[in-house]
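Taken straight from TrEMBL:
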type     : residues  : note
TRANSMEM : C:30-55   : transmembrane segment
TRANSMEM : C:67-85   : transmembrane segment
TRANSMEM : C:97-114  : transmembrane segment
DOMAIN   : C:118-403 : domain 'NADH:quinone oxidoreductase/Mrp antiporter transmembrane'
TRANSMEM : C:120-140 : transmembrane segment
TRANSMEM : C:152-175 : transmembrane segment
TRANSMEM : C:195-219 : transmembrane segment
TRANSMEM : C:231-249 : transmembrane segment
TRANSMEM : C:261-284 : transmembrane segment
TRANSMEM : C:317-336 : transmembrane segment
TRANSMEM : C:356-383 : transmembrane segment
TRANSMEM : C:395-414 : transmembrane segment
TRANSMEM : C:435-462 : transmembrane segment
Amino acid sequence: MTGLYTLLQINQLNNTAENYFPIGVQIIFAIGFVATMIGLSALVGPKRKTSDKLENFSSGIASHGNARQPMAVKYFLIAILFVLFDVEVIFFYPYAVNFKFLGWAGFWEIVLFVVLFLIGFIYIIKKGALQWED
Amino acid sequence: MNVIQVLFWILSAMALVSALMVLLSKNPVHSVLWLVAVFFAISGHYILLNAQFIAIVNLIVYAGAIMVLFLFVIMLMNLNKDTEPQKNIWMKLAGAISAGCLLMILVSLIKQAPELQAKTAMMNEGGIGLIANLGKALFNTYVVPFEISSILFLSAMVGAVVIGKKD
Amino acid sequence: MNAIIFSVIGGVVMMFTGIITQQKKAIRNVAIIALIILLLANIFDTYGILSIHIGTHGMLNFQKFGLYFNTLAYAATLLFILISGADVTQIGEGKHAAEFFALIFFSLSGIAIITSYNSLLLLFLGIEIMSIPLYILTGGDKRNLKSNEASLKYFLMGSFSTGILLMGIALMYGAHGGFEISAMKPSAVSNEYGILDPLGLVLVFIAIAFKVSAAPFHFWTPDVYDGSPSVFTSFMATIIKAAGFIAFIRLFDNKYVELGLSWRIILPLVIIATLLVGNITAIFQQSVKRMMAYSSIAQAGFMLFAVFAENDMAKEGILIYTVAYSVATIGIFAVLEKMEDISLAGYNGLAKKHPLLAATNTIFLLSLTGIPLTAGFFAKYYMLLSVIKYGGSTVTWLVIVAVIFAAISAYYYFRVIQAMYFKTGNPEVRSYNKGFCFMLVILAAITILIGIFPTIILNWFYF
């Protein structure tokens with residue numbers, strides 16, 4: 001536990017862009033690994049491109065219809081509300097970091113912000129926008 | 001040419017190529033995926049500029065949430081090939097010429113700008129992009145715009161319900 | 001600050017009114033009461049009574065001009081809701097009546113921000129808060145394909161122009177290291193302004209010109225105004241558009257020096273293009289609603305003179321213009337909303353069957369043309385006078401061009417009057433009540449009153 005604590009402190013003292021180097025390495029490694037695996041399997045694996053092989057598998061039943069059906073709007077409503085609250089949460093992060101520094105003034109500022117969001121949330125609930133209707 | 005400059009050029013090339021691919025790919029879903037690549041490249045730029053908070057927010061909100069929303073919108077539409085409208089070649093040409101003019105003006109002006117000469121990324125300079133400093137600025141100097149932005153969210157919520165709710 | 005706070009409260013109240021009750025009359029009455037409170041709060045704020053002060057770190061700068069414009073805009077909105085409120089509650093099968101009013105209130109808070117901003121950040125927020133409710137109001141009639149199309153077009157074009165605005169703001173921030181326009185005085189940077197600042201300023205100019213539909217950024221206007229429900233077109237074309245000009249004036253009051261001579265070339269070009277496109281295209285329209293869309297572009301050309309002149313006369317002029325144009329347009333759209341057939345032929349013979357509608361409509365049309373004894377005359381007069389005051393004989397040509405276009409505009413406005421009075425037909429009119437007639441007469445009375453005593457508005461301004 002103390003080890004972790006010192007690690008955190010080091011990070012705070014020395015908050016530079018170089019700290020993101022491991023993340024960059026990880027991203028490159030992840031992409032590289034996946035690309036290599038897919039590439040290898042495509043390269044090494046056997047290929048028999050017959051018409052039966054390329055057909056979509058659907059439990060032996062011939063597939064019919066089109067996969068690209070328009071989706072219902074209700075998914076979109078949930079998604080857009082999610083984005084709104086997602087953005088709200090993002091604003092909490094800089095507040096949380098400065099929690100002590102900002103003191104009560106900051107607290108009331110964030111309370112006002114949350115209250116406005118809460119009003120929106122109550123409105124959404126009351127309107128039944130989150131109800132999964134058909 | 002140090003490491004930062006190399007990174008800057010790589011990221012810039014990535015951003016530009018991905019942005020071009022957004023426009024050039026025929027499949028809208030591919031466009032969205034290329035747009036995610038653009039956001040990753042730009043996040044890289046933000047990190048080079050020491051704007052770490054924006055870099056992360058860009059990934060979480062834009063590359064994460066808003067791109068999902070884009071995909072939803074695309075899936076709301078009819079994606080069959082035969083419904084794709086044919087675009088007029090003259091319209092394309094006119095658009096290319098006018099946008100090209102704008103690009104030319106912007107590039108030539110920025111090339112002349114004394115403020116921008118020989119500047120790329122400045123790693124580890126200026127601490128305003130760090131989360132702690134950004135929070136201090138946001139909740140002191142910029143607190144009024146911050147609170148006002150919640151009006152924007154409220155009207156967006158009302159709008160989402162008005163437009164999206166089945167009635 | 002009162003205006004911003006109370007309009008948000010009004011919006012929230014409307015949101016919850018829609019949950020509590022579905023009665024359209026109640027919803028409308030709550031909206032009217034909230035709007036009156038908002039209006040009073042803003043008037044009190046103008047004179048420093050009961051005004052709420054919040055330290056904004058110089059981002060909002062409440063001046064009398066902006067506050068007084070708020071008062072005028074809110075009064076115009078009140079007239080709009082009094083005359084068309086019942087129609088607002090009918091849109092989209094009347095399921096979202098309260099939400100529409102809530103969105104109008106949020107839009108009004110955006111107006112309060114862009115009439116008092118001092119920081120480009122708040123210019124951006126204000127324009128967004130003003131426009132996003134409009135995108136939704138445009139698509140308010142959900143079952144109507146034209147309304148959907150208009151909404152989507154408006155949203156896509158609007159967000160694109162917002163992108164340009166942000167780009168411009170970013171460049172200006174880069175040049176000055178701050179958002180505050182009052183701190184961007186040219187003296188601070190000596191003679192060299194750098195290139196980023198003018199470039200950013202031009203981009204911001206493009207974005208705001210889009211919002212007020214000045215040519216060549218007007219292409220969205222006809223389709224959006226035509227497709228959206230008539231009542232919301234009336235709101236968009238009047239109050240919102242006038243607020244856009246206040247944003248213009250506030251920005252370029254401080255900043256136009258930096259564009260130097262080119263500013264004096266760009267702006268007249270934009271003005272003439274706007275007048276040309278608006279007036280000439282309006283002549284060929286068969287639908288009165290579409291004609292009004294083009295006419296609103298033409299009127300925007302006149303209002304741009306206030307940005308060109310940049311003196312106190314121009315500020316007085318824009319206030320009179322706002323009232324004259326808003327009142328007349330709200331009236332015309334209120335009549336239009338009652339017509340079954342909104343093409344020109346639909347107005348044939350209106351004077352015989354509904355003399356009051358025809359008479360008031362004539363007054364509004366005369367006001368838009370700028371005939372003496374109507375408000376529109378003094379609106380145009382102040383605009384042109386301010387230009388002459390600014391430039392003297394060097395800008396006479398601009399004034400002459402404007403007068404010629406005003407004369408051209410008479411043609412298409414008079415066509416409606418001709419259809420109403422001198423053609424025979426059987427116009428189908430939706431039922432309207434006594435209150436509607438009363439409000440029409442009030443609007444016409446305001447038009448004529450300001451046409452005779454234009455200083456009424458200014459007296460209050462200097463009071």
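A Cβ is built for glycine as well, from the same backbone N, Cα and C atoms used for every other residue.
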Paired segments the transmembrane segment (C:30-55) and the transmembrane segment (C:97-114) in contact, 3+ CB pairs under 8 A: yes
Residues of the parent chain within Cβ reach of the transmembrane segment (C:356-383), under 8 Å, 6 or more residues beyond its termini: 295, 299, 302-303, 305-306, 309, 313-314, 316-318, 320-321, 323-325, 327-329, 331-332, 335, 338, 350, 402, 406, 409-410, 413-414, 416-417, 420-421, 429, 437, 440-441, 443-444, 446-452, 454
Positions on the same chain near the transmembrane segment (C:120-140), where near means CB under 8 A and six or more residues out: 59-60, 91-92, 96, 100, 103-104, 106-107, 109-111, 113-114, 147-148, 150-152, 154-155, 158, 162, 165-166, 169, 172-173, 179-181, 204, 207-208, 211, 224, 227-229, 232, 235-236, 240, 243, 247, 251
Stretch among C:231-249, C:261-284, C:317-336 sharing the most Cβ pairs under 8 Å with the transmembrane segment (C:395-414): C:261-284
Stretch of maximal Cβ-Cβ contact with the transmembrane segment (C:317-336) [cut-off: under 8 Å; candidates C:97-114, C:231-249, C:435-462]: C:435-462
Distant-in-sequence neighbours of the transmembrane segment (C:195-219), which means Cβ under 8 A and at least six residues beyond its ends: 120, 123, 127, 131, 157-158, 161-162, 164-165, 167-176, 184, 189, 241, 244-245, 247-248, 251-252, 255, 258-260, 262, 266, 270-271, 273-274, 276-278, 296-297, 300-301, 303-304
Residues from the same chain, set at least six apart from the ends of the transmembrane segment (C:435-462), whose C-beta lies under 8 A from its own: 64-65, 68, 72, 79, 82-83, 86, 316, 319-320, 323-324, 327-328, 330-331, 334-335, 338, 356-357, 359-360, 363-364, 367, 372-378, 382
